[in-house]
Amino acid sequence: MDENDLKYIEKVLGRKPNHIELAMFENLWSEHCAYRTSKKLLRMFAKTVNEKTSKNIVVGIGDDAAVIRLKNDICLAIAMESHNHPSYIDPYNGAATGVGGIVRDVLSMGAKPIALLDPLRFGDIFGKEGDKVRWLIEGVVKGIGDYGNRIGVPTVGGECEFDSSFDYNNLVNVVCVGLVKENEIITGKAKEPGLSLILIGSTGRDGIGGASFASKDLTEESEEERPSVQVGDAFSEKCLIDAVLEAVKTGKVKAMKDLGAAGLSGASSEMCYGGGVGCELYLENVVLREPLTPYEIMVSESQERMLLAVEPGSEEEIIEIFKKYELPASVIGKTIPEKRIIAKYKGEVVVDLPLDLLCEAPLYDREGKEDLKEKEDDKEKIKMPEDLNAVLLKLLESPNICSKEWIYQQYDHEVQIRTVVKPGKDAAVLRINEVYPMGIALTTDCNSRYCKLNPYVGAVNAVAEAVRNLATVGAEPIAMLDNLNFGNPERPERFWQLAECIKGLADAAEFFEIPVVGGNVSLYNETVIEGKEHPINPTPAIFVLGKVEDVEKVPGVLDNKIKEGDILIITNETKDEMGGSEYYKVIHNTEEGRVPRVDLEKEKKIYEEVREVVKEGLVSEAVDCSRGGLAVALAKMAVLNNIGLEVDLTEYNKNNLRDDILLFSETSGRIILAVRDENKDKVLSKLSSAYIIGKVGGSRLKIKINEKDVVNLDVEEMKKRYYEAFPKMMGEL
């Protein structure tokens, strides 16, 4: 907080806040809690929620998680969070507690957590910070795996992007999906006075100041802030999940909140302010792990804690449930009619603040300055390599394209036995037994390099790719969350990036008719070293939830598998759009060129058509063309299915592109489908922009252009490169 904030607080209060109240303001007025920079910009998302898109929204923006109706009374709670700063300082605990926190956000809605996804960003593994990057990867992946596995929630998807801009600020974003019946939904808003407040879990000294720590740049001295990183206990969280779900079944729980950022001061004030009441807290009743002062009790961010508002008279019944699971639980206060937070310690009032002041921080009006980095490429300088086989193999080994099996094999992705399509594909698919054969598809997306070059276009691309990924499994997008990861917004160029990305996400989501129902903003992902600024690439990571009508029709499921003789069809044309492409970066070390543009009208039609042919069970495999372009998508189709492909792009090359541009351009709107020969005419009749490019068979990937074999590779060789690259990078092969 700055001097103006302090003056404003003193003016409204008519006095100076005491040291506990000041700490509460510092946390609740932090960027992390109050969205002081972004709140005005986030209003752009309002246009995505309209009469058509809102019909299945049960709980929208403003709670710990959004709740979406899937079918009948079966609903899904969804939430997305970041744990970026803590995961750079202490990767294992930072990532583990990120998982714990997002699981509790979903749990606080009364939902059983059923899936996790983890969009991750790390620095250049081959660069000068390579050793640190490996250390961060090991810690983050182990933290996510250990915590998720121990609480019995499968990690079914995510992504992992590498770029030198993340050398000093890795990103750990986490998504959780939970299942809840509509009549058992709990919100985070206590709406009546006289409710008893029960705190579950014990409070220690860990994580004090975590919210304010997450609201500033990292510096060379940030290592000293390790105490701001919380420490998780997955076994306690597993007990907490089971106990909370049992307590919800009593019907006595009226509101519930996870104790995350700002600890008890945040959870109690937000719960009461959101419901239009106040609260009185008795801090001596809080169960402590060690002797703490009232100040420490109010701002501790100890993990595995929940605040419940319950019917008066039901306290003993609720506490007994938690005792059964050996979890500390105590009545620590009550809701009151006055919209204030009053905290007492052994009879003495230590906090007395109006909630509207505490929970409504003044918003910033920041200035933006255009910083468009996209520029034309010079094809005279960027020559086509002679050996395109070598180029494709090198791309299959690049960190952004190679298999991330090394990561996801550390996660249990099949616990709860719902997983139909596992990690490694374009979207995860889970069956929802309560409404079988219906299921859900889950995807996270963002190409931060596109967003650096052209933030608006990059953000539109993220939404288009998510919709495309869902189309490959026949899923209709029904809700979207965003996790906005940016540098220091006090610098006009970064604020401009933030505004442009939000505008791009909002415009694309509105066009594709996907309501944006929640998310998270993580700013100050920027480090200053010896006076030099190191901001991350703007990274508006998104999660899109899709509805699958029949999981048995999804390509690759049951007998619906790719086989010899299948015909290969591609949607949309390929254009010269090389800006930010993996090919240009890895092979030519440049980011020049035009970032792919999304033709919203055309692509919406393509995705709807692909969705329909997949839903009819006419597609045996579907692969999204994104990083690495058409050649990489074909290679991955061959590798993942252990089968050869014979492709001829001569007729398809309508734009007479140079061979390398045709193979590696990342034009949006392209999906490669494999279909049975007897179904090809039916499929083509349903697609408005589609071309036959080859067939499935043999043991090699052969790509011809104008009678010339431009690619001819053994599938086994491609598999070796694709699967061994990451373990080699981590020093294990």
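Note that Cβ sites are derived from N, Cα and C of the backbone, with glycine treated the same way.
Just one of Gly62, Gly518, Gly519 is listed by Swiss-Prot for the same ATP site as Tyr35, Asp482, and that one is Gly519.
Cross-referencing Arg104, Arg494 with the substrate binding residues that Swiss-Prot gives (Ser82, His83, Asn84, His85, Gln230, Glu301, Ser302, Gln303, Ser522) picks out Arg104.
Looking at Asp258 (Mg(2+) 2 binding site) and Arg104 (substrate binding site), their Cα atoms lie 6 Å from each other. Taking the C-alpha positions, the distance from Arg104 (substrate binding site) to His83 (active site, proton acceptor) comes to 14 Å.
Separating the Cα atoms of Asp482 (ATP binding site) and Glu81 (Mg(2+) 1 binding site) is a whole-number distance of 9 Å. Across the residues annotated as binding substrate (Ser82, His83, Asn84, His85, Arg104, Gln230, Glu301, Ser302, Gln303, Ser522), the two Cα atoms farthest apart lie 21 Å from each other. Those residues noted as binding ATP (Tyr35, Asp482, Gly519) have their most widely separated CA atoms at a distance of 14 Å. Annotation note: Gln303 (substrate binding site) sits in a coil segment as assigned by DSSP. Spatial neighbours are here defined as Cα atoms within 10 angstroms of one another, and by that definition Gly519 (ATP binding site) has no neighbours among the recorded positions His32, His83, Asn84, Gln303.
Classification of Asp482 (ATP binding site) by DSSP places it within a strand.
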